[in-house]
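Notes to accompany the following structure.
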């Protein structure tokens with residue numbers, strides 16, 4: 001294989017890698033936007049023995065943490081999406097972005113993972129406790145509330161998976177640039 005073929009393969013690989021990274025960033029943003037939408041609209045009115053109780057996601061601390069993790073993750077993902085588009089368009093990368101990718105992907109992925117875990121845990125515990133303690137006229141509102149809790153925790157988990165893969169790529173990239 002000649003040197004021109006190798007450099008052509010290298011630039012094609014680099015372009016494919018950048019497109020994959022951009023796609024993962026877009027998926028991360030999408031999952032986080034869906035999480036924010038589901039959580040922010042998660043409210044129900046529960047009727048028990050003639051009394052009605054309005055329940056909103058803000059009433060549960062773990063859901064607040066999930067929401068905060070999703071918002072912080074979304075801000076980071078949008079900034080990184082901008083940098084990825086800029087990098088793809090100009091085919092250059094600011095050396096500062098290697099550090100931002102490396103540390104940011106790790107920190108935000110852990111934040112998003114803990115938000116997801118908190119959401120799954122509190123949803124299961126609250127649903128079991130709520131159904132055991134409260135006599136309900138219908139379980140449909142409770143199922144709706146907690147199904148949305150599970151859905152938002154799942155979207156946050158999918159965002160974590162995307163960020164974890166991005167973190168592996170950023171680890172590889174920073175190692176390659178520090179030791180070359």
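Backbone N, Cα and C define each Cβ position, glycine as well.
Under the heading domain 'Casparian strip membrane protein', TrEMBL lists 18-162. For the domain 'Casparian strip membrane protein' (18-162), DSSP puts the residue distribution at 118 helix, 12 strand, 15 coil.
Among the features that TrEMBL reports, transmembrane segment is placed at 20-41 (among others).
Residues or ranges marked as transmembrane segment by TrEMBL: 62-83 (among others). Residues 22, 25-26, 28-29, 32-33, 35-36, 39-40, 42, 94, 97, 100-101, 104-105, 108, 111-112, 114-116, 118-119, 121-122, 149, 152-153, 156, 159, 163 of the same chain, all 6+ positions outside the transmembrane segment (62-83), place their C-beta atoms under 8 angstroms from a C-beta of that stretch.
Note on the transmembrane segment (150-169): residues 17, 21, 24-25, 27-28, 31-32, 34-35, 38-39, 42, 63, 66, 69-70, 73, 77, 101, 105-106, 108-109, 112-113, 115-116, 119-120, 123 of its chain, located 6 or more positions outside it, place their CB under 8 angstroms from a CB of the stretch. Positions annotated as transmembrane segment by TrEMBL: 150-169 (among others).
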